[in-house]
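What TrEMBL lists as transmembrane segment is 20-45, 65-86, 92-117. If you look up TrEMBL, you'll see 155-188, 156-172 marked as disulfide bond.
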């Protein structure tokens, strides 16, 4: 009887999951847990450095808010994965599995919906970009992000360069007393690689010029078309990246289910 009880206890405590898989899962989550801490730190610092009025004016297009949201979600999910794999806690591992499954399904749904409802997706992107243009001067992080995008894609505005008239500082109406009236940001300008110092006033008065004349000084095409063309030309690369992100999620989810099936003891 004593031998049978000992065998029963051994069967109850024994796990069929390889220690290699266990610690690889822990290491994978630990790396992303540290990344989540960095994202949250950057997001909190960026929000604290802003004035109260500017911080509340453009919450919907604030990169700091995006970093905070992503960081908090990553922190919670990877915490469950780290502690669950290290302590072999079924509850935490199941929570980790559920979140990974939800993320995978959301990625799949976003890809399908973006393809099926491409026009609506384009309109939503246009709405986000136009909203960002309106708040360009209200948030330094948003301003740097827009400038980076316009430089990288060699574009200006949403559909065309005159979209910058939606911003109160660049507005081209006669009652606008701003010194930047009818201008565009310097990131729209055609810059020479030989220029040692960037002329930040190079976009002065460009909205008053016709399309062809303005094209000699700035990028006149909007960023929406450039972004859509970039996505189309890099469709296979983006699909490969999405598949590369999906495979580890499926594999880790399968590993979590193995943990649950073998009846790993909960601490």
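Each position is counted from 1, following the chain as shown.
In case you wondered, yes, glycine gets a Cβ from its N, Cα and C as well.
Note on the disulfide-bonded residues 156, 172: the fewest other CB atoms within 10 A surround the CB of 172.
For the transmembrane segment (20-45), the list of distant contacts is 64-68, 70-75, 78-79, 81-82, 85-86, 88, 96, 248, 252, 255: same-chain residues at least six beyond its ends, Cβ to Cβ under 8 Å.
Only residues 6 or more beyond the boundaries of the transmembrane segment (65-86), in the same chain, are considered here, and those with a CB under 8 A from a CB of the stretch are 22-23, 25-26, 28-30, 32-33, 35-40, 42-44, 46-47, 59, 92-93, 95-96, 99-100, 252, 256, 259. For the pair formed by residue 172 (disulfide bond) and residue 155 (disulfide bond), distance between Cα atoms is given as 20 Å, rounded to the nearest Å. Sequence-distant contacts of residue 155 (disulfide bond), defined as residues of its own chain at least six apart whose C-beta falls under 8 angstroms from its C-beta, comprise 149, 188, 219, 221, 222, 223, 225, 226. Around the Cβ of residue 188 (disulfide bond), a 10 Å sphere holds 26 further Cβ atoms from the protein chains shown.
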